[in-house]
Amino acid sequence: MLTMRICLRATYTQKEYKWESTVNEQISAASLYDRVARVIPKAEWMGFQDDVEAILELKRKRNAVILAHNYQTPEIFHGVADIVGDSLALARKAMEVEADVIVLAGVHFMAETAKLLNPEKTVLIPDMAAGCSLADSITPEDIALLRKAYPGVPVVTYVNTSAAVKAASDICCTSGNARQVVESLGVPRVLMLPDEYLAKNVAKETSVELIAWRGHCEVHELFTADDIRELRESHPGVIVLAHPECPPEVVDAADFSGSTAVMSDYVGRERPARVVLLTECSMSDNVAVHHPDVEFIRPCNLCPHMKRITLGNIRTALEENRHEVTVDPAIAGAARRAVERMLQI
């Protein structure tokens, strides 16, 4: 049975979004609330206000910026983030950051990627335990064995991996550019790691033979085709959008599939009367604020790793320089090349 959630708040999301006010402009949490009043109840905001004020001041003092993934909660996304987006957007924007300090409000592989692209900057992650089931599913040793089993076949690695795994790969991809990356190699066969479902879903869109691994996202693997049938019965006319990390039978049963950025674009372009986004809970909240005329049906699969990031530990990270992210110099160069090669496409 699909668990449903009624959510009374939403947040902004785009492929990238930057507050007009950044680290150099004086803002107070009180004045900021005018921007978020429609998405965060006043009583709840009052509990966040001290941390928001402190973080805004710390950003000014330290010349810091906060990059936040689309799955972050509203008080982070609205209250303190400078740049928000999906994995691809954050990787691209990380290359343009001019601040001295980057705080990555997301999971560990994202912070590592930011460090790879900004080796001279201080990169902090508020909670070092904010991991990823996909990143944990594969090691450099696994890739070495795969290269022996498939000699000469290039390795495309999802960005949801450790720096060590990226270093053992030829090029990275995200859910938003996977097909383009695979086809850019100009070869008939590719090892596409580690997300089995992403590889199988991309394989339906390309003539390139994709050899998959057995990793899965613990959020997206929970969705089923039965969930979609239940949603259609309970909510006639609903348009179903599925993330490509969902099982292939889920993607097949959906009306449309794409990354979080692509889903957001779809809603803005098509303006469905009723829609469900099969991805992490916060994504529906994020998109809904732009489209008050669209009814969002919210299945609830939370990412426990993303939700480890809080205003409190963002504040502590900035106050104490806690959880600075480092990448072993022995692998940093190769990992950076794999990411940069992706960004050139």
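Just so you know, glycine gets a Cβ as well, placed from its N, Cα and C.
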Pick from His69, His108, His290: which one does Swiss-Prot list with Ser87, Tyr158, Val159, Asn160, Ser175, His243, Pro244, Glu245, Thr260 for the same iminosuccinate site? His69
With Cys217 ([4Fe-4S] cluster binding site) as reference and a Cα-Cα limit of 10 Å, the qualifying binding-site residues from His69, Tyr158, His243, Glu245 are Glu245
In the three-state scheme derived from DSSP, which category covers His243 (iminosuccinate binding site)? coil
Rounded Cα-Cα span from Cys132 ([4Fe-4S] cluster binding site) to Asn160 (iminosuccinate binding site), Å: 7
Distance [Cα-Cα, Å, rounded] between His69 (iminosuccinate binding site) and Cys303 ([4Fe-4S] cluster binding site): 12
